[in-house]
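Engineer: Sharing a structure here in structure tokens format.
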Amino acid sequence: MCPETEKLTGLIAATFTPLTPQGELNLAVIGPYVDYLLEKQSVHSVFVNGTTGEGCSLTMQERKQLAEEWCRQGKGKLDRVIVHVGCLSVKESQELARHAASVGADAIAVISPFFFKPSNAEALRMFLKDVSSAAPQLPLYYYHLPSMTGVKLNVSEILEGIEKQIPSFRGVKFSSVDLGDLGQCVSYCRLRGWSVLYGVDEQLLGALPLGVNGAVGSTYNYAGNVMNGMLSAYEKGDLPLAQTLQVKLKDTITFATSLGFDLAMNKQMMSLYSGLPMGPPRLPLLPWPSDTIQDVVKKLQQDMADLS
Ligand SMILES: CC(=O)N[C@@H]([C@@H](O)[C@H](O)[C@H](O)CO)[C@@H](O)CC(=O)C(=O)O
């Protein structure tokens, strides 16, 4: 059974998946990637095989290899390795959940299936329950990302009574801009000692007064220092500084969006900014020309400079 779980706090990097130029997993990058996050970004936890990690574009075998390597390289260094195990097939999600437990992951997260979508909250709770039954000892987080899944059920509705069905349920990764639903979700989770992690990096500051415990996002791979600064400014009550730092990240994303920001661009930004070879995105995503990436990384460098 899943023990009581300490709350997840602070920034959690949604990791990119390093691929070779030929498009195969490049597991050798993960060791240096762990060190980069810790030493250069002061980010101490990771969320593996999620959207940023192209989890749904990877094979089962690749997802297992990545989960295993992140746990192996992160052992004794990272605070938490959370593995996303959501799949369209509940059986495959169970297999990944079982595997995550066997390699020492700290928690699992599950997105809603998005081809055949759950028709109501109960159907989604049943799906999550079946996944949890394969790894009952691991804390389970529901990963809410309606813009990508098209599953628009309110989280507050999904949470209703979920603890009775899923004893290992410990919270939500909330990647929606619906702050009303977020507030209700936080209120439900807080009463039960669970965590809510916000997933829209460019407006994290807006979610803090509602009581989110931490954040999972792609940009903390390269803007971790600045956003850690934003969190501590908020905690100290220095709102003008927190606002400045938050808007800096938004400025970068706005510029990237004007060029067509997507996961492929994000991944290439990470490679150029960090020096870690993340490699190409996987089809159907297409790589961007290098001059576009140079422009956006120049903007990122300007925005991050002298703020961290
Ligand atoms: C749709 C999407 O990819 N959202 C990102 C954000 O970090 C996003 O990249 C960021 O807010 C920039 O828009 C995360 O919520 C995704 C995430 O945590 C994950 O990779 O699982």
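Here the Cβ of each residue, glycine as well, is placed from N, Cα and C on the backbone.
TrEMBL entries are annotated by machine, without manual review.
Among the features that TrEMBL reports, active site, proton donor/acceptor is placed at Tyr143. The active site, schiff-base intermediate with substrate annotation in TrEMBL covers Lys173. Residues or ranges marked as pyruvate binding site by TrEMBL: Thr52, Val216.
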Engineer: About how far apart, in whole Å, are the alpha carbons (Cα) of Thr52 (pyruvate binding site) and the residue listed as 'active site, schiff-base intermediate with substrate'?
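Structural biologist: With the alpha carbons as reference points, the distance is 14 Å.
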Engineer: Near ligand 1, which of the recorded positions show up if the criterion is a Cβ under 6 Å from one of its atoms? Options: Thr52, Tyr143, Val216.
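Structural biologist: Cβ under 6 Å from ligand 1: Thr52, Val216.
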Engineer: Write down the Cα-Cα distance for Lys173 (active site, schiff-base intermediate with substrate) and Val216 (pyruvate binding site), rounded and given in Å.
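Structural biologist: About 7 Å separate the Cα atoms of these two residues.
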Engineer: Give the number of CB atoms, excluding that of Val216 (pyruvate binding site) itself, located within 10 Å of its CB.
Structural biologist: 28
Engineer: For the residue listed as 'active site, proton donor/acceptor' and Lys173 (active site, schiff-base intermediate with substrate), determine the Cα separation and express it in whole Å.
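Structural biologist: About 5 Å separates the two Cα atoms.
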Engineer: Counting across all protein chains present, how many other Cβ atoms fall within 10 Å of the Cβ of Lys173 (active site, schiff-base intermediate with substrate)?
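Structural biologist: The answer is 28.
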Engineer: Three states by DSSP: which one describes Thr52 (pyruvate binding site)?
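Structural biologist: DSSP call for Thr52 (pyruvate binding site): coil, neither helix nor strand.
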